[in-house]
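Notes for the one structure printed next.
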């Protein structure tokens, strides 16, 4: 029997999605509002967008955020992939329980605990806080997401293919570049993107580990948002939502294309065998 | 084998090209000892395990030991701004000065106890609300057709990709006294003649507990829906059908079969919402204002003042202990299910 959607199911779905999307839609809507009063609609205008770009510190905050997210995700991918390999390849090693424990723990630890622990550590060790301390903190909390993504890909693929390549005379480096890397590359890319967005979005851990000159975009937005609603934050939010939505759309499109290609390749392969 | 020159084919081709070039340089470089050493590191188990292990030990495990240590010291005007726990005295004596003052202060000053209890209370009821709101959505998703499921999943995840801060900030626009919600209520009310245009209604929701509940439910709803959906989709429909055929009323069938079988998802979802909600500080700060105290906000404010870092450490240590209880329980239940 096919599962049936009842009227109640439909209602739950529609109300749920409305709840999720109304706030986002309102932000976009009011970013084009002429009035300074956020909730009074007085006509279409894009003046808050030009106003936004004249704000102090927004460019340097954006630059800091992008640079931080870029370097964080790159290092997190390297460390995370190593950890995932270690967890999948080596069944047993000394301290594996502790190792897997501390790889997953940052995911469930409330940000404020991790942030304060790391922030106080940097103070205790007399590290001068700033960009690099933020980067260390971000790598630590994003690498576990990379581990999860890469690990699931590694356990999913048939390791006999690697062995076959080795048997046919490929050395370690060749096997890695011809077989292993292309197979886990989608996981590495999504791990990278995940760390990038997590780092770009983080406010709590950044505020605890930042120092002079280390203002990220969330920190900048937060300092403005604390003072109440201002239309140029709506404009900034709309730009960010637009960028994220188009990236997600693009990634989905690429994934769709790749999986279609793979299906076709498999079909062709079957035909050739037959 | 025909070589595909587009899409995946091009990609594999590029990778092959890179590989052969790298292989060439690799062979030439192998003559040099330092490079040989690096390569051997790449193959060695110790290196692969060691580097991430060392990183996580240094920047995840040790910080907890350090805040535990700082929490037993006394605030000082120095760098670092707290007293020494251990001191070597000239005669080779190690002097340990453990200061319980910070913990005493947490215990004696009502603000902290209240903030801890309030955080647990708010996190608990917010989790319950998220479950009540998220369950019907996840259930509806699991009953949709395969094609729709993928699309709905995307729709639920998409807000999660937009900045958490911005999504919470959006609620200020909605909930403030002159906000969208009040405007809407007045507009509808005046339209049907229930509200007198001369005395519009102003609901004060922003800066109350209710606003914080709304914020948490909104912010963490995807964390509840996703695990629920994952378990609901695996439930065998024939069980539900059989119960219905045998005359069990729909509500009872739902409760005894569907809900019972989805308990692992319920547990996972509640865990994923409850844990971060306890330590939340953006939501109570932006939506709760000064009227709502949660421990995350107290911790952050104490940290910002920068005067009493030992007290900040003590607050964190106790918060960590509180958070470890649900983590421990969750792990136990999961281990039991696995066996």
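Glycine is treated like the rest: Cβ placed from N, Cα and C.
As written in TrEMBL, here are the features:
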- B:53-72: transmembrane segment (TRANSMEM)
- B:111-138: transmembrane segment (TRANSMEM)
- B:116-330: domain 'ABC transmembrane type-1' (DOMAIN)
- B:150-172: transmembrane segment (TRANSMEM)
- B:210-233: transmembrane segment (TRANSMEM)
- B:254-278: transmembrane segment (TRANSMEM)
- B:309-330: transmembrane segment (TRANSMEM)
The transmembrane segment (B:111-138) touching the transmembrane segment (B:210-233) per 3+ Cβ pairs under 8 Å rule: yes
Region pair the transmembrane segment (B:254-278) / the transmembrane segment (B:53-72), three or more CB pairs under 8 Å: no
Same-chain residues near the transmembrane segment (B:309-330), Cβ under 8 Å, at least 6 residues beyond its ends: 64, 67-68, 70-75, 80-82, 99, 101-103, 105-106, 112, 116, 120, 267, 271, 274-275, 278-279, 295-296, 298-299, 302-303
